[in-house]
């Protein structure tokens, strides 16, 4: 059997980030082109429609930052919704919390889940066999529309950059519906793009969430394989966000299991807004 | 006149980061290959021996983080040394401080300065005509060796990744000499590589500086065009580092002139050590 190494690049405004390696699978699903490559440094990496989504080596930068701030003060018997997240990484971080009683993972593209389970199974890890995880192959926008009021304690929006497929996940009407289906002190946690390589979208998400929710806070950290490497996550709620008022023993337990996240890191990341974004939001 | 666009990539452990554009200059100096390319998003970008050094669009991520923490509590009539920094960006941030009376910029490769002044003149900006700036074409290691004790208040090490050309700038003997030529409460400020893409070197720099200096603190932030996008800067001294005890009016004045840095950002960046580095340093 021969292993042929090739370069696969994501192109972005005149720059490209490429990984070299053997292509393990390349197929077109109903929605998008899916590629998994085996790279020397990043391990197996997933690309959807020309954009790097995740890799075994760097996925924790993304998933730990999306999940742990939102679950800092989670109550017993919480109900969680993940929109997107077909690689399983967000679910894997969620199942660390025994307070969660149910996780609905709503992924539009069944092939992403199948391929992730087959080629990137470490990313979903224990989540795939956790009885609390229910997988629904469905459109996240429709799922939210048909959910009753005050149903979820936390909603994670774990989606790709705005595109024909995901545009509605960044719309006013979608955020309004999310607010409707959240419990009174529920939290919406969303990746909010890069303040550098998707600056306009980033600012638009921040402004929109501030408009719809009483409280909204943004953290900045790193995702090596995303354009510019700078990424952000925003947490919004109708109540004060107790993002670091977690039970101290629980924080220590979660820290032990994390590669990137710890409570100090999180508290700092909420203050890492680049000065040019501060200026633009204040102007 | 035809403008030919081409891809120039930096290769790193099976990944590559490339910029597309017209090559404005490509030449071999006595020490290295120097390329300047004109890119749609990053503007003009400088590559030395296959590694991206800086670009008009993203250079402030690097230079503002190297300079402002070190100059937070700088005294009147301070003497500053920059080793490397031939693009002028570190000097440009330094000249914002009237307390500095002299800046020695010691760059080994005269061609880097010539090309930066010609093609990247915004990076050096006002520094190039500032009377306090003295340019010396010399080897930084030798310069430090021949400097008398207690001479500089701040030393900036603004060098490329360890290589045949720069290896000695990461050595024990060099740090020892830096300590010797610093004033009693002087500060050594160095870029300290990426905790992700140069993890072993990064950890080695942190451990070495902790060994030679009573106090040493590391900040983490972003440099989009460097491998992984995560970068670090370390500040070491024999005295307590008053990194944020700057005069408040001065802080506001500097913030106004900065794209990335502000005091909140800086204070947070010193706590952004990824958990895996925390664990490795504590093990």
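Backbone N, Cα and C define each Cβ position, glycine as well.
Keep in mind that this is a model prediction, so the values were computed, not measured.
Here Swiss-Prot flags B:5-238 as domain 'PABS'. Within the model, the domain 'PABS' (B:5-238) shows a mean pLDDT value of 96, rounded to a whole number.
Residue environment of residue B:32 (S-methyl-5'-thioadenosine binding site) contains 20 other Cβ atoms, counted within 10 Å of its Cβ in all protein chains. Sequence annotations record features per position, and here Swiss-Prot assigns S-methyl-5'-thioadenosine binding site to B:32, B:107, B:139, B:140 based on sequence analysis.
For residue B:159 (spermidine binding site), the same-chain residues 6+ apart in sequence whose C-beta sits under 8 angstroms from its C-beta are B:83, B:84, B:140, B:166, B:169, B:190, B:191. As annotated by Swiss-Prot, spermidine binding site applies to B:63, B:87, B:158, B:159, B:160, B:161.
According to Swiss-Prot, the active site, proton acceptor annotation covers B:158. Other Cβ atoms within 10 Å of the Cβ of residue B:158 (spermidine binding site) number 26 in total over all chains.
Distances between the Cα of residue B:158 (spermidine binding site) and those of the binding-site residues B:32, B:107, B:139 are shortest for B:107. Around residue B:63 (spermidine binding site), taking its Cβ as the centre, 27 other Cβ atoms fall within 10 Å, counting all chains. Here the binding-site residues are B:107, B:139, B:161, and the one whose Cβ sees the fewest other Cβ atoms within 10 Å is B:139.
Between the CA atoms of residue B:139 (S-methyl-5'-thioadenosine binding site) and residue B:63 (spermidine binding site) there is a gap of 21 Å, rounded to the nearest whole number. DSSP assigns residue B:160 (spermidine binding site) to coil in the three-state reduction, outside any helix or strand. Long-range Cβ proximity for residue B:87 (spermidine binding site), meaning a same-chain Cβ under 8 A and a gap of 6 or more residues, is found for B:46, B:53, B:54, B:59, B:112, B:116, B:120, B:123, B:124. Note: the CA-CA distance between residue B:63 (spermidine binding site) and residue B:32 (S-methyl-5'-thioadenosine binding site) rounds to 22 Å.
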